[in-house]
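My structure is below; once you've seen it, I'll send some questions.
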Amino acid sequence: MFMGVAPVCSCTHMVRTVVLGVIGSDAHVVGITILEQALSANGFDVVNLGVQNSQTEFVDAADEHDADAVLVSSLYGHAKQDCQGFHHEVAAAGLEDVTTYIGGNLAVGQDDFEETRQHFRELGFDRVFDSETDPEEAIEALRTDLDVRSSEAERESQTLTA
Ligand code: B12
């Protein structure tokens, strides 16, 4: 009689898929490489798109891989232009439930980061991180945001700091 095969893993939580990449013409690769390693070491399934991605490439990858989160990186100071309309593309693809973060050197020069954060939050990003961000901080935020997605009430009670 066929007895079946025991599951290899009896984990109670799902592996979360994260699409990660650098947007626009930006070629700074070190930050996302470190983020990829940290995320993978912490159990995330990471799709690293590398550098110089269009908005469409992020959205297509999120769709194709059924991503839980999209992490956009930008270092060269043109993130505002590169991210204009990004969330319209996300919505047009029916991916409004995908968590979106952006991080890096998001403006030119030394600006007031709270203003920068506010700008990107208004564009639609769930969290905005500066270039001093430790990968652990992003991982903690992802754990919080992706775990509470099962409960609308809990999600609304979260206080976002990034
Ligand atoms: C190395 C470097 C280069 C290399 C890149 C090599 C490569 N392939 O990666 C080269 C020489 C090619 C280069 C080119 C340019 N660069 Co450059 N570069 C740097 C430098 C010195 C280090 C970047 C780096 O690797 N840091 C180490 C990694 C680990 O840190 P990180 O990238 O900041 O990433 C961390 C965080 O930011 C954060 N993070 C990043 N993304 C995200 C995303 C999310 C979602 C989260 C949560 C966190 C997060 O987590 C990461 C890991 O801890 C910085 C100055 C600096 N000290 O940061 C300038 C810097 C980024 N470059 C700069 C500029 C202007 C340029 C050029 C435009 C110069 C020019 N006129 O040609 C070009 C752009 C070319 C292009 N098309 O991208 C400026 C940007 C200025 C701004 N934003 O206001 C900087 C800040 C230098 C400066 N002070 O002026 N650069």
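Each residue, glycine too, has its Cβ placed from N, Cα and C.
Whatever TrEMBL says is automated annotation, not expert-curated.
Just so it is clear, the model here is predicted, and its values are computed rather than measured.
As annotated by TrEMBL, adenosylcob(III)alamin binding site applies to Ser25, Asp26, Ala27, His28, Val29, Ser73, Ser74, Leu75, Asn105, Leu106, Ala107, Val108, Gly109. Look at TrEMBL and you will find 15-149 tagged as domain 'B12-binding'.
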Could you tally the C-beta atoms, other than its own, that fall within 10 angstroms of the C-beta of Ser74 (adenosylcob(III)alamin binding site)?
25
Scan Ser25, Val29, Ser74, Asn105, Gly109 for binding-site residues whose C-beta lands under 6 Å from an atom of ligand 1 and note them, or write none.
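Among the binding-site residues listed, those whose Cβ sits under 6 Å from ligand 1 are Ser25, Val29, Asn105, Gly109.
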For the binding-site residues Ser25, Asn105, which one has the sparsest Cβ surroundings, going by other Cβ atoms within 10 Å?
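Ranked by other Cβ atoms within 10 Å, the binding-site residues Ser25, Asn105 bottom out at Ser25.
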